[in-house]
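S.K.: I'd like to ask you about the structure that follows.
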Amino acid sequence: MNHKKVYDITGFISPFCFKGYGKLSDKEKMEWNNRGFSTFHALIAAWASLYLLLFSDLFDEDSSNDLIVNRSSIISNMFLGFSIGYFLSDLAMVFWHFPALGGLEYVLHHGLSMFSISLSLMSSQGQIYILMVLFSESTTPFVNIRWYLDVAGRKSSTIYIYNGIALFFGWLIARIFLFIYFFAHMFNHFDEVKKIFPLGFYSLLTVPPVLGLMNVVWFWKIVKGLIKTISKARHRE
């Protein structure tokens with residue numbers, strides 16, 4: 001299922017889920033539909049990453065004699081290819097409507113993600129680390145729900161506050177704590193990491209710290225936004 005199909009499906013079902021959809025501007029409808037595909041990819045990427053990392057034996061230390069950085073499978077390759085397709089098509093949408101769907105930070109995030117996933121897919125190396133980072137996409141639905149509620153005029157609703165709290169804890173776990181584990185795991189397996197081909201090795205040393213720093217900056221914005229939302233809710237009471 002490509003970007004255009006999910007985009008069109010979102011546009012088709014949205015009027016049935018949100019009566020005010022028809023009153024949105026063309027720009028808001030475009031972003032509304034685009035976030036539908038963003039949510040679709042996030043759910044698939046998070047589920048696939050969780051399954052491959054925790055429930056399959058692909059990266060189990062004792063399941064194979066292969067170095068953990070050299071392990072891959074047909075399923076992991078398939079999902080990495082799916083994510084490349086998403087980031088490529090979404091980046092094209094961002095450029096086409098720039099900056100309506102996101103600024104330079106989105107271009108940087110998507111560009112680095114696509115570059116790293118492509119290297120891992122072509123070399124079949126470092127996929128365990130790519131999947132760890134892809135699991136951080138699990139926070140995207142909460143980001144999109146917040147935007148949907150804001151556009152729908154529900155910013156003062158209880159569900160907006162609950163979603164903000166879920167986003168806070170989700171981001172803390174999937175984009176802060178997980179990245180700390182990521183770097184710890186890489187440090188403990190550095191003798192294997194050094195055997196990744198040169199471009200992949202140096203990318204692994206540089207790209208994740210940049211993404212991690214972006215996560216920290218965005219997390220700080222989430223914290224400030226949540227505090228502001230809760231404070232307003234208390235004043236209304």
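Cβ coordinates are placed from backbone N, Cα and C, and glycine is handled just like the others.
TrEMBL feature annotations, pasted as is:
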- 27-231: domain 'TLC' (DOMAIN)
- 37-54: transmembrane segment (TRANSMEM)
- 74-96: transmembrane segment (TRANSMEM)
- 103-122: transmembrane segment (TRANSMEM)
- 128-149: transmembrane segment (TRANSMEM)
- 161-184: transmembrane segment (TRANSMEM)
- 196-220: transmembrane segment (TRANSMEM)
S.K.: Against which stretches of its own chain does the transmembrane segment (161-184) lie, if we need a Cβ under 8 Å and a gap of at least six residues from its ends?
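M.R.: For the transmembrane segment (161-184), the sequence-distant neighbours (Cβ-Cβ under 8 Å, at least 6 residues beyond its ends) are 129, 132-133, 135-136, 138-139, 142-143, 145-146, 149, 208, 211-212, 215-216, 218-219, 222-223, 225-226, 229-230, 233.
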S.K.: So which residues does the transmembrane segment (37-54) touch in its own chain, when a touch means Cβ under 8 Å and the partner is 6 or more beyond its ends?
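M.R.: Same-chain contacts beyond the flanks: 1, 3, 6-7, 10, 73, 75-76, 79, 82-83, 86, 89-90, 128, 131-132, 134-135, 137-141, 144.
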S.K.: Rank 74-96, 128-149, 196-220 by Cβ pairs under 8 Å to the transmembrane segment (103-122) and hand me the top one.
M.R.: 74-96
